[in-house]
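Chemist: Quick one: the structure is below, questions incoming.
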Amino acid sequence: MDRAGRAVANAIRARWAPVPVLVLAGPGNNGGDGLVAARVLREAGWPVRVMLLAAREGLSTDAARALEGWGGLVESPASGFLGDAALVIDALFGAGLSRPVEGSAADWLVRIRDSGLPVVSVDLPSGINGDARPLAAPHLTADLTITFHCRKLAHLVEPFAEMCGETVCVDIGIPDGWEARVTPVAREVDNPDWKPVEPSGYLSLHKHARGRVAVFSGGSQSSGAGRLAAAGALRAGAGVVTLCTPPSASLVNAAHLTAIMLARWGSDDQIGEVLTGLRAEAAVLGPALGVGPATRKAVLGALEANVPLVLDADALTSFADDADSLVDQLHDRCVLTPHHGEFSRLFGEGRPNWNKLEQAQSAADRCGCTVLLKGPATIIATPGLTPWINRHACRWLATAGSGDVLAGIIAAGLAAGMSPHDAAAGATWLHGDAALRQGAGMTAEDLPDALPGALQALQRRRRQTAALSHLLSHGS
């Protein structure tokens, strides 16, 4: 508790000049952390006031010890509450909250929220639980949240992550080996594998050994999405990428492409024969392909061919009125990549108390394949595996066509032999990193050209991690 409280105080001192601080402490260890922070700030010369939500005799043992260490005045809420405070430390409730905040605590939250004062929350903003389940108002929105040891789900998924503001995770000295005693609900994507650019055997590789991807284009008025997906696949490391184009889009696609190959494909063609002829090792269907029977036929034909498959956009929406006809044909080498609207049309909203992770996992279990639920925190769920969460991204990805590029990147991973679960995880990281490199003003067309920088950065990170791991395991 002393380490946690000091970490809160140190984070505040690093971001604010000394100002009057109000510490609101709950009855549990979260409140104890706040009381330690109060003492440390006071010792550093900050003006600090403390209020307790519970009577002293209702405090946990550690919180009572922290109160004793504070040793100063504990004010009554009736004595002016906010007073001259310029900063509020919210140490009322932590990640274990499982019910809506009520009574005097709810009143405190409303008054803090309405004050507009900056808020620093300990572990999580009060009113939010660590499992990211919907809770009734009120809750706080923090400017800074200090959590300990590892992030909770609510720090990662929306809308809760935004309510946390800047989130800092602090090591408080929990011994090594704790991972073996717990089962994580998810893992953050960080330094992912990306087989298309692994150095092993690099000098002896030829283009076909790096994977062959087929992308299916829409018609002449909607051909751009297919080109974006194809460019994403090529830049992400696929050796050969072919854009399968209907006759109406052949000329416009040919005018835009150089390194990407073209193949004619019509709605009456057997898509399985097209994939076999191209020796495709992964395929992308859906971007601007059109919603309707023709797309349904193409998707079902591709599924019969049993090729690793990325299904996006129209390939999913075309089954919105009969999801079972798609679900019954899916296989475990598929990756579905819906955004929230496409997901809801296909799978519904799930149970009222489900969080986003549970929704994605339920859909993956039902489909028997990988489901990538796009958003500020992208969820990758696969039956029997620990889900991935990717937050290595930015708001500039909220632009038309960015999802098409992502679909192509995933296909490059699949064509190189990666599992759908890991290909989807690695692709979301690279996609996000490319966007972070481009920044404001980015469009989807910019993403493929930013992928080489993202790939090189990933390679450097992985080499550094491997070198550090070797050093730690073998000594200096």
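For all residues, glycine too, the Cβ spot is worked out from N, Cα and C.
The (6S)-NADPHX binding site annotation in TrEMBL covers ALA225, HIS339, ASP404. Summarising the annotation, TrEMBL assigns AMP binding site to LYS374, GLY375, PRO376, ALA377, THR378, GLY403. According to TrEMBL, the domain 'YjeF N-terminal' annotation covers 1-180. Residues annotated as domain 'YjeF C-terminal' in TrEMBL: 190-458.
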Chemist: Quick one: pull the CA-CA distance for HIS339 ((6S)-NADPHX binding site) versus GLY403 (AMP binding site), whole Å only.
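Modeler: So the Cα of GLY403 (AMP binding site) lies 9 Å away from that of HIS339 ((6S)-NADPHX binding site).
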Chemist: Name them in sequence order: residues not among ALA225, HIS339, ASP404 whose Cβ is within 8 Å of the mean position of the Cβ atoms defining the (6S)-NADPHX site.
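Modeler: Along the chain, the qualifying residues are LEU228, ALA229, GLY286, PRO287, ALA288, ASP312, ALA313, ALA400, GLY401, SER402, GLY403, LEU406, ALA407.
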Chemist: Taking every protein chain in this structure into account, which of the binding-site residues ALA225, HIS339, LYS374, GLY375, PRO376 has the most other Cβ atoms within 10 Å of its Cβ?
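Modeler: Answer returned by the neighbour count: ALA225.
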Chemist: Between the Cα atoms of GLY403 (AMP binding site) and ALA225 ((6S)-NADPHX binding site), find the distance and write it as a whole number of Å.
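Modeler: With distance taken Cα to Cα, ALA225 ((6S)-NADPHX binding site) is 9 Å from GLY403 (AMP binding site).
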Chemist: Mean pLDDT across the domain 'YjeF C-terminal' (190-458), rounded to an integer, is what?
Modeler: 94
Chemist: Give the helix, strand or coil assignment DSSP yields for GLY403 (AMP binding site).
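Modeler: Note: GLY403 (AMP binding site) is helical by DSSP.
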Chemist: Restricting to the same chain and to sequence separations of six or more, state which residues have a Cβ under 8 Å from that of ASP404 ((6S)-NADPHX binding site).
Modeler: ALA225, GLY226, LEU228, ALA229, GLY232, PRO287, ALA288, ASP312, ALA313, ALA444
Chemist: State the three-class DSSP label for ALA225 ((6S)-NADPHX binding site), counting H, G and I as helix, E and B as strand, and everything else as coil.
Modeler: helix
Chemist: Give the number of CB atoms, excluding that of ALA377 (AMP binding site) itself, located within 10 Å of its CB.
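Modeler: Within a 10 Å radius of the Cβ of ALA377 (AMP binding site) lie 22 other Cβ atoms.
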Chemist: According to DSSP, does ALA377 (AMP binding site) sit in a helix, a strand, or coil?
Modeler: coil
Chemist: Could you tally the C-beta atoms, other than its own, that fall within 10 angstroms of the C-beta of THR378 (AMP binding site)?
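Modeler: Excluding its own Cβ, the number within 10 Å is 29.
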Chemist: Please report the DSSP secondary structure of HIS339 ((6S)-NADPHX binding site), reduced to three states.
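Modeler: Going by the DSSP assignment, HIS339 ((6S)-NADPHX binding site) belongs to neither helix nor strand, so it counts as coil.
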Chemist: Within the same chain, and leaving aside LYS374, GLY375, PRO376, ALA377, THR378, GLY403, name every residue whose CB is within 8 angstroms of the centroid of the CB atoms belonging to the recorded AMP site, in sequence order.
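Modeler: Other same-chain residues with Cβ inside the cutoff are HIS339, LEU373, ILE379, ASN390, ALA393, LEU397, THR428.
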